[in-house]
Amino acid sequence: MIDLLWISSDGHPQLFYQFINIPFAFLFHCLSSQGHLSIINRYVYLAMGGFMLAIATMGPYSSLLFLSAIKLLLLIHYIHPMHLHRWILGLQMCWQTCWHLYVQYQIYWLQEAPDSRLLLAISALMLMTQRISSLSLDFQEGTISNQSILIPFLTYSLYFPALLGGPLCSFNAFVQSVERQHTSMTSYLGNLTSKISQVIVLVWIKQLFSELLKSATFNIDSVCLDVLWIWIFSLTLRLNYYAHWKMSECVNNAAGLGVYFHKHSGQTSWDELSDGSVLVTEASSRPSVFARKWNQTTVDWLRKIVFNRTSRSPLFMTFGFSALWHGLHPGQILGFLIWAVTVQADYKLHRFSHPKLNSLWRKRLYVCVNWAFTQLTVACVVVCVELQSLASVKLLWSSCIAVFPLLSALILIIL
């Protein structure tokens, strides 16, 4: 299993590192639930775990995270809560963008491959930006009252289960999970087994698709096969994300995070920290629905940070900020522009066509056609965003699949 996870990482070792984190998260939960760790020691355990994980996986580049954590504590101590969010988000995005631009300088100007440890550190820095900007907004909204003890804030910025993979957890939910730590061991172990099994299945399916892409099936020059190849390639990239998100969810659950107790039914839910279901997301029959389901905690963060706080063109401002957060590579800029246009066109098309769907067969036909359109458009977005460089743009526009983003733009203009 470990070999399978390592092979499937394909230069993105977060999946493997997150798997290695599970025993340490399990130990934390066992010690906490049995009363061997005080609340302060729980925070220390999680923070020290993040500190050591960063050094072990990122080497000297772990300082990117440590400097951000120190800056967070200084700002919390010296800045009034009402002004904290503006300072934290502004400084953190400047710090993160500088490193993104440095990577682009290495790739496009020096023609050098960046250090993999630097790329991992920047990825972790992006996740830290989510956490500390969410924290600062909570301060501004008055949902956090006690800021005299700084250890919970330091731990929240660096705790090891979410350091390399999320999902985003609000500060108040994080504190409640750390301080509670009482769950049924049967439910706990059953949940971990189930989610690890899901990761294995996702990795296995991804490997099958990877082998299919290398097969002789696609050596024939055909428009349909060309479009099919790009769609399968995009699906393979998405499966990598789904496996990584599920593994990160599993690590958080192993540490006792993301659990919710239903008082009325007496049952325990382990899905409070989740970036969504692969089946629900891939079954989305509208681009706008897919956009809301994809990487759900990040979508909620973008809605909270940008969409709900912007009066002019909130949709395009949100996708623009997402491109900035991801690194502003040429492919990413094009990919998020395509996605924004497609989602806006979907809203217009739905308002136009919905009154005309007055029979069952029309509704089913509309759903089927729109699902295929969603899949092919998302394929264009994912290829651009993931390949990042101008090569992704060339790959996209040399294929007939480029018709679908253009069709979205046409719908947006006409309707």
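Indices start at 1 and increase along the chain as displayed.
Each residue, glycine too, has its Cβ placed from N, Cα and C.
Topologically, per Swiss-Prot, Leu37 is found on the other side of the membrane from Leu390.
Counted over residue pairs separated by six or more positions, the transmembrane segment (395-415) shares fewer than 3 Cβ pairs under 8 angstroms with the transmembrane segment (62-78), which leaves the two as not touching. Listed as Cβ neighbours of the topological domain 'Cytoplasmic' (346-364) (distance under 8 Å, sequence separation of 6 or more from its ends, same chain) are residues 286-288, 408, 411-412, 415.
Spatially, the transmembrane segment (123-138) is adjacent to the transmembrane segment (62-78); three or more Cβ-Cβ distances between them are under 8 Å for residues at least 6 apart in sequence. A simple way to gauge crowding: the CB of Asn295 (active site) has 20 other CB atoms within 10 angstroms, across all the protein chains here. Panel annotation: around the topological domain 'Lumenal' (104-122), residues 11, 13-14, 54, 57-62, 64-65, 96, 164, 327-329, 389 of the same chain, lying at least six beyond its termini, place a Cβ under 8 Å from a Cβ of the stretch.
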